[in-house]
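Copied from TrEMBL, the annotated features are:
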BINDING   A:Lys11, A:Gly12, A:Gly13, A:Val14, A:Gly15, A:Lys16, A:Thr17, A:Thr18  ATP binding site
DOMAIN    A:3-155  domain 'AAA'
Amino acid sequence: MSKVIVVTSGKGGVGKTTSSAAIATGLASKGLKTAVIDFDVGLRNLDLIMGVERRVVYDFVNVINGEATLKQAMIKDKRVDNLFILPASQTRDKDALTEDGVESVINELKADGFDYIVCDSPAGIEKGAFMALYFADEAIVVTNPEVSSVRDSDRILGILQSRSKVAEEGGSVKEHLLVTRYSPERVEGGDMLSVEDIVEILSIPLLGVIPESGSVLQASNSGSPVILDEASTAGMAYSDAIDRFLGEDVPHRFMNVEKKGFFKKLFG
Amino acid sequence: MELKGEMSMLNVLHLQSTDLKEISQQIEAKRDEVPAFFLNSPVVVDCSSITDDLKKLDLKGLKACLTDLMFVPVGVRGIEPEQQAMVTKSGWPVLRAGPKKSTSKPSGKESSKPDESAKTDGDSEIQAQVSEEKATISRIIEKPVRSGQQVFVDEGDAVLLTHTSAGSEVMASGSVHVYGALRGRVLAGVHGDTNARIFCRSLDAELIAIAGRYQLLDEGDTDLRGKPAVIRLDGEKLIIEALE
């Protein structure tokens, strides 16, 4: 049974694409056949984060318009088996996404035996974001520890539970909270909302907390999903989140300020 | 400018007969009891006791008669939906029916025969029961009311089992009960019910309003922030009290 997951947030720049890339890669490395679709038509980024920008021939909109088959447009990842990327078009706008077109692509992926279809949503609550979430069974809501991001996530949660297909049919989309760019030092200093505050405001289950880390930027620039960087805290946190997503009980890490040891204090 | 629905006191003329001559005589007699009080006073005509015979009533004539007697005819209420066109055509605005209590006064203002009025009395009692039942219907909302969402309960109370978010709006003609944190805007008694109240487990609202009287809830406005609270209207003032 294939599942459609939307990675969404409302607000821009919180780490949706980074998270989509990491989650899709993480699921595929568990041996699950995974497709990740970039819904940000006109501002495509996922191909860069995944390091496949030079391999894009056809895109999502070409497939919707019948100008290419899904097989032609899908890019197979070279590092991880079972991982396929469907890039967005850079030359079109969000109106190119039609409900029937998106549905037919998702249905074809389901028929193709994909376990997970990860939809990387654009920012905002307009057509692109709406199309990305409409067919979702589960939603990973990406939030930064600051009030505007939390409020936008709240708004997206409301839309998910009222306007998605599952909601229209009387069901409810399973919700997961992913807090990104978390800095325990700044939380302690009072500059950032704590995970507890965010969970209290949004009241949805916490999937993971990704600490602020330089390796995320590095990974983006080099076109390799950060989850593959097993030495970085962000990579480890994403791996934990995948385990939790698949039902394992993994304790949360990197949420508290690390106590510096005596030698670290001495030698920096 | 401002345009909103509010409650005002109006004289309501409960018709029990369609005989214009009889009606006019009775109104005149009533008016002459306290002429100064009724001079130029607005009056609403309630036809709920004569809906079946409404055709027989000369509505245009009634309007002229009321104007002659120095009343200001405001509108007609208590008619069936299919009669609306007929009433509008005769130059009367149609009002939505309000909650009915007892339609006929024993003073016999317009009553014709005693046995008939007894019958209509019985009818109106049933009606009153029905409208009371309607008014207590509450809507239960099980999911959180998130930012950007709006819940509007036209008739009755809004009962929210979880929280409301900042940037949400809950409105009800009756009271609003929130069994979680109240963080958005909340408006109770939107049709003017001054007895409506707001209850919540944790008060963190952006705006509170009862029957059109509103208040923004800034930091320091109340020491009950984040605590269980009940809000009621006392005259023109919203009172926030702890909910024990």
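In case you wondered, yes, glycine gets a Cβ from its N, Cα and C as well.
Projection of TrEMBL feature records onto the structure.
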{"residue": "A:Lys11", "record": "ATP binding site", "CB count, 10 Å": "21"}
{"residue": "A:Gly12", "record": "ATP binding site", "CB count, 10 Å": "13"}
{"residue": "A:Gly13", "record": "ATP binding site", "CB count, 10 Å": "11"}
{"residue": "A:Val14", "record": "ATP binding site", "CB count, 10 Å": "25"}
{"residue": "A:Gly15", "record": "ATP binding site", "CB count, 10 Å": "24"}
{"residue": "A:Lys16", "record": "ATP binding site", "CB count, 10 Å": "30"}
{"residue": "A:Thr17", "record": "ATP binding site", "CB count, 10 Å": "26"}
{"residue": "A:Thr18", "record": "ATP binding site", "CB count, 10 Å": "27"}
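Confidence annotation: the domain 'AAA' (A:3-155) carries a mean pLDDT of 96 in the model.
The ATP site, placed at the center of the C-beta atoms of A:Lys11, A:Gly12, A:Gly13, A:Val14, A:Gly15, A:Lys16, A:Thr17, A:Thr18, has further neighbours from the same chain whose C-beta lies within 8 angstroms: A:Ser9, A:Ser19, A:Ala123, A:Val142, A:Thr180.
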